[in-house]
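Undergrad: Can you read through this structure? Questions will come right after.
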């Protein structure tokens, strides 16, 4: 496995965040000064890395944005499928487990970086070395398969999120445009609106494609912070608008079941686990930080914010609308411009989020591909792969799933749910047995 050596020894290996997936030859040609702004990879100078890494605040912004996507709009329905008591308690437990598994992943990656004198470890490298150090002989002999499986699930999961985002963008813009003639300024009543048919949803998807292509050409996390901040602000404003509406007239909660039927609980689990979307961006964010020692605190803070937000929106939405809650809480809002703006704000937020979710599979696929070609073809191949991946996320759901956007989350949700519980328990025993007795980092 190609490795970029750190110039500062074991301690320097913790601070530098170089991308190990580039072989030495390709790393030198791709990390030139001319491309440093766009690709965002630090150079091999420790001093330069300290000036180009992302700050703790930028990391928190990316982490919150990595979680806060379309899934939160479906959490009130998820709470209905679990019960008004069981739903929030389950969200709290899932948030704690997800955060704990992320901490295990970061801790294992740091341990192996320190022991093997490597400046950086991605998801696949961490799983590979963790399984190689496992007490189980079968896991040790199949360690390389573990790396391939995790990389595959990461690619499918993150590109699946991108597919969901494109469908969400198209459907919500289509809803706003078709209801524009019946949308009023009076938000005190919610009457049935006769929609004006417009163009097909697939054409709306194609309309967003040029903007998405431009966004994925930005490969620097520091630059993406601007878009993540814009997305956080737009989504936060939209959630505030939703919250002030659902908190106005909350009926008697005693009419709602504390625990729903066990037959509907899997529906809750699928929606809830899909909402925790940041498992794939944890290591890339930690590896790009100026001071990675602060990442555990940032991770705990970010996941606490997200879990509290999920519980609040899910519980309040179900309390307000009860059994009338729909697949997305935006469908329960009155048809006035104030609440139609929620959809528009979310369109802006999801559009800006696409590049962050796209960053993870791009960092797995592109370095491997560019290392196989000569220097003159590296950049054209890089851009071609990004363009092809964006077109793929736009095309994969267009022929057969765009009519039923509520089910789009099933694909990424299944692969996403397997990452935290599978990786953590298999990595931690191997790391602990191999590094027993060594001082903590």
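Backbone N, Cα and C atoms are what each Cβ position is placed from, and that goes for glycine too.
Found this in TrEMBL, in case it helps:
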- 53-370: domain 'Amino acid transporter transmembrane' (DOMAIN)
- 84-106: transmembrane segment (TRANSMEM)
- 149-168: transmembrane segment (TRANSMEM)
- 201-218: transmembrane segment (TRANSMEM)
- 225-247: transmembrane segment (TRANSMEM)
- 267-285: transmembrane segment (TRANSMEM)
- 297-321: transmembrane segment (TRANSMEM)
- 341-362: transmembrane segment (TRANSMEM)
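Could you tell me the structural context for the features on the list?
TA: Same-chain residues lying 6 or more positions outside the transmembrane segment (84-106) and placing a CB less than 8 Å from one of its CB atoms are 75, 78, 123, 126, 253, 256-260, 265, 268-269, 272-273, 276, 278-279, 282-283, 286, 295-296, 299-300, 303-304, 306-307, 310-311, 314-315, 318-319, 420-421, 423-424, 427-428.
Beyond the ends of the transmembrane segment (267-285), by six or more residues, the same chain brings 54, 59, 62-63, 66-67, 69, 71-72, 74-75, 77-79, 81-82, 87, 90-91, 94-95, 98, 101-102, 105-106, 109, 121-123, 126, 154, 157-158, 161, 221, 260, 295, 299, 302, 306, 310, 356-357, 359-360, 363, 409-410, 412-413, 416-417, 419-420 to within a C-beta distance below 8 angstroms of the stretch.
For the transmembrane segment (297-321), same-chain residues at least 6 beyond its ends with a Cβ under 8 Å from one of its own Cβ atoms are 56, 59-60, 63-64, 67-68, 72, 75-80, 84, 87-88, 91-92, 95-96, 98-99, 102-103, 106, 239, 242-243, 245-247, 249-251, 253, 256, 272, 275-276, 278, 282, 329, 332.
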